[in-house]
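Record features (TrEMBL):
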- Arg17: site 'Transition state stabilizer' (SITE)
- Tyr22: active site, proton acceptor (ACT_SITE)
- Asn71, His77, Asp84, Ile98, Ser99, Arg108: substrate binding site (BINDING)
- His97: active site, proton donor (ACT_SITE)
Amino acid sequence: MNIQIINGPNLNLLGVREKSIYGSADFESYLAQLQKHFTNITINYYQSNVEGEIINKLHEVGFTCDGIVLNAGAYTHTSVAIADAIAAIKTPTIEVHISNVYKREEFRHHSMLAASCKGVIAGFGMHSYRLAIESLLLKD
Ligand code: DQA
């Protein structure tokens, strides 16, 4: 099984950025733990701060890999283009957030992407990524 994690804008600064919200671990360390946890799964990781690059990645992997775990960061709340890309591809996509966006500012309560995704996981810190992978392993 092949899973692609895609992190959007500012998530390259995990471990540095607003630690009280996002924690103090950087994503690369967490990824190593994830890979140890899911020994039978190939987990690929991509991060970009650029909307079009996220779309290109969705197109590139979205017809071949088995699942996509997408934290589109702030583009979650704004991007019709990423929503269209998720709808256009074949691979199921799970929307993920580290923070509980519903406890935060109102503009974070709405997702442009959720309706195109298989499901949404938010608020479990870095564990949100593990839960998203678990959800992709569930039998329909
Ligand atoms: C986030 C929540 C978004 O509202 C925010 O813009 C982010 C991170 C999260 O993982 O909690 O950049 O997606």
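Residue numbers in this text run from 1 along the chain shown.
Here the Cβ of each residue, glycine as well, is placed from N, Cα and C on the backbone.
Automatic prediction, not curation, is the source of TrEMBL annotations.
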Taking ligand 1 as the reference, state which of the recorded positions Arg17, Tyr22, Asn71, Asp84, Ile98, Arg108 have a Cβ closer than 6 Å to one of its atoms. Asn71, Ile98, Arg108
At the Cα level, what's the spacing in Å between the residue listed as 'active site, proton acceptor' and His77 (substrate binding site), rounded? 18
Nonlocal neighbours by CB distance (under 8 Å) for His77 (substrate binding site), same chain, sequence gap 6 or more: Phe107, Arg108, His110, Ser111, Met112
For the recorded positions Arg17, His97, Arg108, which one has the sparsest Cβ surroundings, going by other Cβ atoms within 10 Å? Arg17
Three-state secondary structure of His97 (active site, proton donor) from DSSP? strand
Asn71 (substrate binding site), DSSP three-state class -> strand
Distance, Asp84 (substrate binding site) to His97 (active site, proton donor) (CA atoms, angstrom): 19
Would you find the one among the binding-site residues Asn71, Ser99 whose Cβ has the most company, meaning other Cβ atoms within 10 Å? Asn71
What is the interatomic distance between the Cα atoms of Ile98 (substrate binding site) and Arg17 (site 'Transition state stabilizer'), given in whole Å? 13
Distance in Å spanning the most remote Cα pair of Asn71, His77, Asp84, Ile98, Ser99, Arg108, given for substrate: 24
One finds that other Cβ atoms within 10 Å of the Cβ of the residue listed as 'active site, proton acceptor' number exactly 20
